[in-house]
Amino acid sequence: MKAVRNLLIYIFSTYLLVMFGFNAAQDFWCSTLVKGVIYGSYSVSEMFPKNFTNCTWTLENPDPTKYSIYLKFSKKDLSCSNFSLLAYQFDHFSHEKIKDLLRKNHSIMQLCNSKNAFVFLQYDKNFIQIRRVFPTNFPGLQKKGEEDQKSFFEFLVLNKVSPSQFGCHVLCTWLESCLKSENGRTESCGIMYTKCTCPQHLGEWGIDDQSLILLNNVVLPLNEQTEGCLTQELQTTQVCNLTREAKRPPKEEFGMMGDHTIKSQRPRSVHEKRVPQEQADAAKFMAQTGESGVEEWSQWSTCSVTCGQGSQVRTRTCVSPYGTHCSGPLRESRVCNNTALCPVHGVWEEWSPWSLCSFTCGRGQRTRTRSCTPPQYGGRPCEGPETHHKPCNIALCPVDGQWQEWSSWSQCSVTCSNGTQQRSRQCTAAAHGGSECRGPWAESRECYNPECTANGQWNQWGHWSGCSKSCDGGWERRIRTCQGAVITGQQCEGTGEEVRRCNEQRCPAPYEICPEDYLMSMVWKRTPAGDLAFNQCPLNATGTTSRRCSLSLHGVAFWEQPSFARCISNEYRHLQHSIKEHLAKGQRMLAGDGMSQVTKTLLDLTQRKNFYAGDLLMSVEILRNVTDTFKRASYIPASDGVQNFFQIVSNLLDEENKEKWEDAQQIYPGSIELMQVIEDFIHIVGMGMMDFQNSYLMTGNVVASIQKLPAASVLTDINFPMKGRKGMVDWARNSEDRVVIPKSIFTPVSSKELDESSVFVLGAVLYKNLDLILPTLRNYTVINSKIIVVTIRPEPKTTDSFLEIELAHLANGTLNPYCVLWDDSKTNESLGTWSTQGCKTVLTDASHTKCLCDRLSTFAILAQQPREIIMESSGTPSVTLIVGSGLSCLALITLAVVYAALWRYIRSERSIILINFCLSIISSNILILVGQTQTHNKSICTTTTAFLHFFFLASFCWVLTEAWQSYMAVTGKIRTRLIRKRFLCLGWGLPALVVATSVGFTRTKGYGTDHYCWLSLEGGLLYAFVGPAAAVVLVNMVIGILVFNKLVSRDGILDKKLKHRAGQMSEPHSGLTLKCAKCGVVSTTALSATTASNAMASLWSSCVVLPLLALTWMSAVLAMTDKRSILFQILFAVFDSLQGFVIVMVHCILRREVQDAFRCRLRNCQDPINADSSSSFPNGHAQIMTDFEKDVDIACRSVLHKDIGPCRAATITGTLSRISLNDDEEEKGTNPEGLSYSTLPGNVISKVIIQQPTGLHMPMSMNELSNPCLKKENSELRRTVYLCTDDNLRGADMDIVHPQERMMESDYIVMPRSSVNNQPSMKEESKMNIGMETLPHERLLHYKVNPEFNMNPPVMDQFNMNLEQHLAPQEHMQNLPFEPRTAVKNFMASELDDNAGLSRSETGSTISMSSLERRKSRYSDLDFEKVMHTRKRHMELFQELNQKFQTLDRFRDIPNTSSMENPAPNKNPWDTFKNPSEYPHYTTINVLDTEAKDALELRPAEWEKCLNLPLDVQEGDFQTEV
């Protein structure tokens, strides 16, 4: 058996030598590992018990982050002539790394080469190793010397931050011993540690020199007894027990057990005196106190582990019969070594950074590798691939045309005699800007055959020729020749040609071919549907661009938008080349700084927003290269660089780049690559952070959190994102998405790694719109949530804990939402796909979905999208929209045609506003139909949306303009040209301002979508229409309330002061109303009634049209944006057509002015003042009169003519100036057929009836005008005179009709028209002579004279009116027109003209020239050419004047007794007039019959009582305010 055992040992040793080599076998048997020790001293023989070379002694640092190892080497008595001692440190215990370290000979200390007696070393890494190396061919030490037994090595584990008293004491002892040995030379005894301060004498520590010797040749393990030796100050629970000395075991107990040295010690107090060795041995197994109650130690327990270093424990009990306590420990432990070695499994190192793309253009490959630490002692090898590849595609390379191989030589052209042979080659098509092939494509050579025989024979068939057509069926042919026919003359039998059909596919129709197009400075040639056309990229980019010709749903070919996925801007390409230049520097810091500069440049480029789709892929590639460079160079970017990185990502993920991403991802899924780059960058940043440090990065589209957390410090769950964090962007703060990371997940994969040094890097990212740019899913599946990412490095251990994720839905109406995570192991190219494995949906509702996932990844919510939600553009509007818009436009066009035909009669502000309103509605209807057909054309759709927005708002604004015009008419505001321009600014200017502002802010983003040509419903752009429209409706309601309140005010009097003074009147100013409507003269009451009627019509129109308009456009918006619902289209058709008919009904059929104008149009009425219009308007064209200007014009032409001598001229002249009328005012004609034109003022008066007062002969001064009311009976007799000035009755004869007494009738006068004939004075005097000949001869006077009335013929040569000097130069030639602003002079001339028919006696008896002079002087300073600016002032003057003359008529008519006594009329009362026979063109006017007279009779004002209204003619009543 012994022989067998020896044989097995020999075989096993031989096997080890063969497998591992001799040196490896030596390393296996002479390696020592020491760990769990805080202090120790060793000799060379203890460290290297075997006499082999390359033996090692390794010391492990308990925690490199907390402790440092100090090593003392005493060379004084050691001879290093036969070997070398190497000292070095490393982090990972790997034989390959140690060999690599020895090969580089970097940071290795040669201890034997030191010139000093002591060598002090400090190490901060995980392992310290000392290696003994013999020279080559040295047999080794044969025996051990005495110096091998001495302690030459001492080490100490010392706390970095707060060293212990024990540690500092040991360091100071080393220093003191060095100083003593070197005789005070301090330069060779340097220990660089500033935390300890050594005392001048060691006794100050309380430890004597004798006790220090006891620490030599001992080892202090790290246990409960020595725990206090590592702390600065001892706590109550810590001890530094050195009360007993444990000597090393004897030689027979000391040996090697595996690769660990067994060392034992007995703690000893540093205060204890040295005792003899025999006493110590005697007391070794006795109780420290010497009491009999302490039992002996038990046997050592078995080793705690079966392989590697373990521990053994022994205990004892205390039995104290006398109630005293036992002293000393009751439990001891020691290190035990086991001969069995623990297997070490193979471990993969970190992946190397991705290499650059193997090609600069075209499809290349990126590679990364990793190395495996080989297993030891039977461990498992590494599992998984060593190399990882992935594709990369930067840009397409230009491909030159290449000649293919030559074809084989054809057969000889003849089968006999000499002929030729041909061969050809083909050229592959050049692509992406490559050059064509160069050189010939065919070659020929001679062939030699035997001479031809006598009989003809067919040769072989040739190749088929090319097809004659490329489509719709062509023909191809092949031939063969007959050999020997020339010699023998006999033809071969059969045919020498064959034909067959080819290319029978159908040719595309003309409408299936995209025509040649010029777009973006590129010409796109004709291309059939389904094919691609290629072009060179623009000048600022390289590569090729493509454009597809597709078929629409109706089978018509159309060009799609060009694809720029293969175009890369020159700036991006230069930036990519600069990365290679930085990498070529070869220095870590320079490369890292260069990458930071690259990110700054890339940030500037991405912020310009003018890049191509290919630039997005290039940007992702640049970010990947930057990240890999940071990782390869172990470079930690600064905070600015990190912020720039995430800002670049945010710029790339902007929603504006959605179409570019869709274009780019047809070539390569760059968005998925971008997610992986961000995760790698997060861990690079996290590894450079301090413990417990976190960083929040917030941008417009990305929110990221990076935290570095020790495993032991994670006490609570982690929530992301943090809503209340300062500076959080709004979209993330308002987001309802969150993820809860449980604390239990922070557990390493290996349980041995779980200690205080385990640190995790946690990264979490929330993307705002990454779902928009990810590749489109199939089967109508969409991403219905934001995307959130959670990643942790190193990878935590799989536990039963779940990540709780809650995501909000982005779109409503989706079906079957479920949770997914991104799994990158399900595709061949390592890109990944969405997977449901590892995630389960626990709760879902209409707006949220809650998930529980058992792994870290990228999470989202997928849902099914109903197919009917996808809206396809039909190309033509629906029939319902066409019918509704057509009916509305037809009604409004009809209204416009009617107004155009009657424009000369109904032209006014209200009519102009209506025409503009109709124009806006018609334009809106047309644009609605156009927008339904142009959804595929981006530019036309955007333009249509902008104009539709404008006309929608304009329709609302014109309704508001109509309400404003009504309000100004009711309140009496003056409407000048400036006001009318403000109407246009409100109707067209305000909508244009709103649309221009909206387009400017949005840059047309949202004006038109892929499905409809209207404002986008997303982003709040719709408020640009709803807001202004709602404001217009609100203001319109306010104006309507004000107008209605004004219309229902008391008595219709506008001025409150006049209303108070007027008192109670039955019919105020009714006596001023002529019953003859032909004259066109109305009273103030009639004017107010007309204004109120128009205002009420406008108010009623607003109340009906405005709600209908709002309903119409609301239904139009719904019909345009939701084409699936036919209900909205029907509602729009109903409301739109109803709106058109309502507008026609309100503004055409029911409008009184239109009715009157239409009747006049049917009777072919003409304007009698057309020939005279040029005199009124110097510019030769008419101007629209405002409602108030019409009122004033009527008032000025219908003022009561009071024939009271001098009072009349002064009073009326000062009162009836043509105030606030424009110079180019248009006067409208009177309908001779009897139509009422109360609303069309300024008509030429065809007939005027004047009732001559009875008291004309009665003298009356201005003082008498202010007398109180006279008795009624004093004014019963009146003489009436009817004056007709109709120009059509020029041939009328003069006839005096007997007077007919009419009681209580008022006297009236009508202002003359535009001209009067005045006879200029022959002498330049200050007086004006007015005679009968100055009267206009067109007039025919009919007087109804009372028989008692005595009228004497006037003598005109004695009738002189002494006017002031300022009236003298205002004489006119005959037939010269007066200016409208000279109405005062016109009126004076008319008054003098009428006075020419009075008798001399009446003139002399009734007119007091001195009184006239006095009154004229009072008004000489008045400036009657100034303009009044308020209608309130005008109405006040007009009403006050009429009230004064009404009062005068009632109280001044006192019968003259002298005149009544002589009732005989003068014999020659009308001698002054010429014979009517001299005017043959006149016709005689018949006496008015009873009906006509009733129609023309005057209605006097019947006052209820006498008014105490003084006739005040002070200047203050008639002064105008300028």
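Positions of Cβ are set from backbone N, Cα and C atoms, glycine also.
Keep in mind it's a predicted model, so treat the numbers as computed, not measured.
Candidates considered were CYS437, CYS502, CYS507. The record in Swiss-Prot pairs CYS467 in a disulfide bond with CYS502.
As stated in Swiss-Prot, the feature region 'GPS' covers range 819-869 out of the listed 207-257, 309-359, 819-869, 1176-1226.
When ASN625, ASN1456 are looked up in Swiss-Prot, the one carrying the note N-linked glycosylation site is ASN625; the rest have no such note there, which does not rule it out for them. Separation of the C-alpha atoms of ASN812 (N-linked glycosylation site) and ASN625 (N-linked glycosylation site): 40 Å, rounded to the nearest whole number.
Each of the glycosylation sites ASN337, ASN625 was scored by the other Cβ atoms within 10 Å of its Cβ; the lowest score goes to ASN337. There are 12 other Cβ atoms within 10 Å of the Cβ belonging to ASN418 (N-linked glycosylation site). According to its DSSP assignment, ASN337 (N-linked glycosylation site) is in a strand. Looking at ASN937 (N-linked glycosylation site) and ASN51 (N-linked glycosylation site), their Cα atoms lie 91 Å from each other. The Cβ of ASN779 (N-linked glycosylation site) has GLN864 as same-chain neighbours under 8 Å, each 6 or more residues away in sequence.
At the 8 Å Cβ cutoff, the transmembrane segment (911-931) and the transmembrane segment (1126-1146) share at least 3 close pairs (sequence separation 6 or more) and count as touching.
Closest to ASN540 (N-linked glycosylation site) in space, going by CA atoms and restricting to the glycosylation sites ASN54, ASN105, ASN418, is ASN105. Across 881-901, 940-960, 1024-1044, 1126-1146, the stretch most heavily in contact with the transmembrane segment (982-1002), judged by Cβ pairs under 8 Å, is 940-960.
Residues of the same chain lying 6 or more positions beyond the ends of the transmembrane segment (881-901) and with a Cβ under 8 Å from any Cβ of it are 911, 914-915, 918, 921-922, 925-926, 928-929, 932, 1119, 1129, 1132-1137, 1139-1141, 1143-1144, 1147-1148, 1154, 1158, 1161. Long-range contacts of the transmembrane segment (1099-1119) within the same chain: residues 881, 924, 928, 952, 955-956, 959, 962-963, 966, 1014, 1029, 1033, 1036, 1040, 1043-1044, 1047, 1125, 1128-1129, 1131-1132, 1135-1136, 1138-1139, 1142-1143, 1146-1147, each at least 6 residues beyond the stretch ends and with a Cβ under 8 Å from a Cβ of the stretch. Looking only at the glycosylation sites ASN540, ASN812, ASN937, the densest Cβ neighbourhood within 10 Å occurs at ASN937.
ASN625 (N-linked glycosylation site) sits 53 Å from ASN51 (N-linked glycosylation site), taking the Cα positions as reference. Of the recorded residues, ASN337 (N-linked glycosylation site) and ASN54 (N-linked glycosylation site) place their C-alpha atoms 22 Å from one another. According to DSSP, ASN540 (N-linked glycosylation site) sits in a coil region rather than a helix or strand.
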